[in-house]
Amino acid sequence: MKLRKAWLLVLLLALTQLLAAASAGDAHEDTSDTENATEEEEEEDDDDLEVKEENGVWVLNDGNFDNFVADKDTVLLEFYAPWCGHCKQFAPEYEKIASTLKDNDPPIAVAKIDATSASMLASKFDVSGYPTIKILKKGQAVDYDGSRTQEEIVAKVREVSQPDWTPPPEVTLSLTKDNFDDVVNNADIILVEFYAPWCGHCKKLAPEYEKAAKELSKRSPPIPLAKVDATEQTDLAKRFDVSGYPTLKIFRKGRPFDYNGPREKYGIVDYMIEQSGPPSKEILTLKQVQEFLKDGDDVVIIGLFQGDGDPAYLQYQDAANNLREDYKFHHTFSPEIAKFLKVSLGKLVLTHPEKFQSKYEPRFHVMDVQGSTEASAIKDYVVKHALPLVGHRKTSNDAKRYSKRPLVVVYYSVDFSFDYRAATQFWRNKVLEVAKDFPEYTFAIADEEDYATEVKDLGLSESGEDVNAAILDESGKKFAMEPEEFDSDTLREFVTAFKKGKLKPVIKSQPVPKNNKGPVKVVVGKTFDAIVMDPKKDVLIEFYAPWCGHCKQLEPIYTSLGKKYKGQKDLVIAKMDATANDITNDQYKVEGFPTIYFAPSGDKKNPIKFEGGNRDLEHLSKFIDEHATKRSRTKEEL
């Protein structure tokens with residue numbers, strides 16, 4: 001018995017030792033795994049810090065950039081994207097440049113940066129396109145905007161690398177209260193930017209603005225560009241109603257006009273060249289007027305004056321400058337033309353081509369214009385009478401002529417050529433009979449093929465009718481007339497029903513999701529009002545397209561954003577496929593993808609568009625926090 005107990009004790013001791021050894025082994029393995037993981041992380045960090053060379057070009061990133069450039073006087077940088085076709089095409093040339101500059105005395109480093117992964121550097125150097133080339137001189141970036149040829153780039157780099165090289169003075173003029181009036185009043189035309197030093201949009205505009213200034217300074221005569229620090233020159237900012245940054249204004253001999261052009265070099269240059277020309281063209285012969293009326297396709301605007309020194313003519317020119325992007329203005333000093341138009345000199349005449357005239361509206365709209373007439377009054381008169389009672393809506397004039405709502409559109413085969421004009425006018429005349437009784441609405445005819453997508457979205461492409469009609473209202477909603485034989489009576493009933501609020505809108509929509517509990521709410525056409533326009537909640541809405549590369553890149557970031565704010569009951573992070581669903585409020589304009597708006601609770605008609613800044617978690621979070629009307633803590637803050 002004692003012997004058996006002894007054996008049991010021996011076995012227990014042996015088992016205990018085995019378990020201890022196994023545990024130690026596991027611990028050793030765990031430690032090894034941890035050490036291996038740490039070593040792998042350190043290797044990855046080392047990879048980021050190590051500067052590699054590919055075909056003579058140094059490869060830089062956010063991690064190794066500062067150390068690499070710290071001791072170098074001059075470095076040539078190329079910011080590229082792996083998918084960029086121009087970058088791929090430029091690569092062999094860039095390698096030749098690297099080889100040439102490597103043999104320079106002293107050698108000049110040539111480097112490239114993948115701007116899609118080195119986001120900090122891309123942001124620091126304001127990279128907005130690919131490839132972007134910059135020359136780093138003693139740590140300061142010098143923009144290169146010449147051709148992408150070895151000869152020109154090498155020459156510029158060598159020029160900048162010289163010990164006595166200094167940046168050229170800015171071409172953009174700096175204005176203060178002391179010199180503003182002298183400069184602006186004496187310029188036939190000048191573009192002035194009111195900026196704030198801390199403004200991100202201003203910083204982004206600055207290099208493009210300077211490049212445009214350089215380009216326009218070469219013209220004969222030159223077109224000057226200037227800038228005003230509105231935070232310092234507060235009196236000037238107040239004088240010209242500057243309420244945001246940057247604000248750009250065109251001045252003609254001291255008279256201010258809004259700048260509505262692009263904000264990059266070539267866009268600014270083209271816009272200012274166009275603006276520098278006369279806003280109104282002189283008509284010299286009666287034949288020109290007759291051709292406008294016979295063959296024209298838009299409103300005919302003619303000012304008739306005593307001469308180019310007539311004060312009324314100068315006021316007309318001011319009005320024309322305000323509207324020159326939307327209308328073609330003409331003027332004449334010819335008594336013969338005045339007689340043909342049955343007016344005296346000192347008048348503004350608006351008329352429409354013969355095909356758009358009708359018995360329900362005057363042939364000519366005439367306004368007295370004197371030296372005391374305000375340019376704004378002329379402008380208002382032109383806008384008021386620019387459309388005929390029933391005009392021709394086309395894709396080329398839609399944005400400028402038919403943006404006003406409600407808009408009644410009648411779709412059929414519209415063709416004003418000789419063979420088909422009678423048929424086109426037959427249906428247009430039926431529309432005219434209704435339009436005359438609803439002056440508060442805009443009426444137009446439109447070719448059904450030009451607007452095939454719109455007709456399809458209205459559910460009318462398979463109507464079986466030759467003529468269809470719809471109404472587009474102020475909120476972005478669309479109403480389709482039930483398919484039936486078209487005549488004036490059916491159109492009148494349709495418009496009357498709309499006026500009384502008895503019509504239901506047509507909404508293009510994907511199916512409503514059955515399960516919509518994810519971190520990012522899916523919005524479709526039928527749920528836009530319920531989710532985005534919910535007056536009790538703040539909503540961040542992304543409008544995307546399934547084929548859009550930038551949208552695909554944003555998707556994981558946007559999902560992370562949704563998870564971050566998931567616990568906030570008064571905030572919704574949402575997305576909508578804008579190619580498959582109607583946006584039922586026209587305040588949410590989408591001109592590209594992705595487009596992001598913040599719709600604040602209680603103020604849904606004034607959404608705030610996300611502009612500038614990177615579409616990353618940090619910047620999107622900051623955007624939300626800045627505009628949130630009801631703030632609660634996120635998961636990260638708890």
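We count from 1, first residue shown onward.
Glycine is no exception: its Cβ is also placed from the backbone N, Cα and C atoms.
Copied over from Swiss-Prot, here are the features:
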DOMAIN    21-162  domain 'Thioredoxin 1'
DOMAIN    498-629  domain 'Thioredoxin 3'
MOD_RES   Lys359  N6-acetyllysine
REGION    24-50  region 'Disordered'
SIGNAL    1-20  signal peptide
Summary of DSSP states over the domain 'Thioredoxin 1' (21-162), given as helix, strand and coil counts: 70 helix, 30 strand, 42 coil
Sequence-distant neighbours of the residue listed as 'N6-acetyllysine' in its chain (C-beta under 8 A, six or more apart): none
Counts of helix, strand and coil residues, the domain 'Thioredoxin 3' (498-629), according to DSSP: 36 helix, 24 strand, 72 coil
Model confidence over the domain 'Thioredoxin 3' (498-629), averaged pLDDT: 93
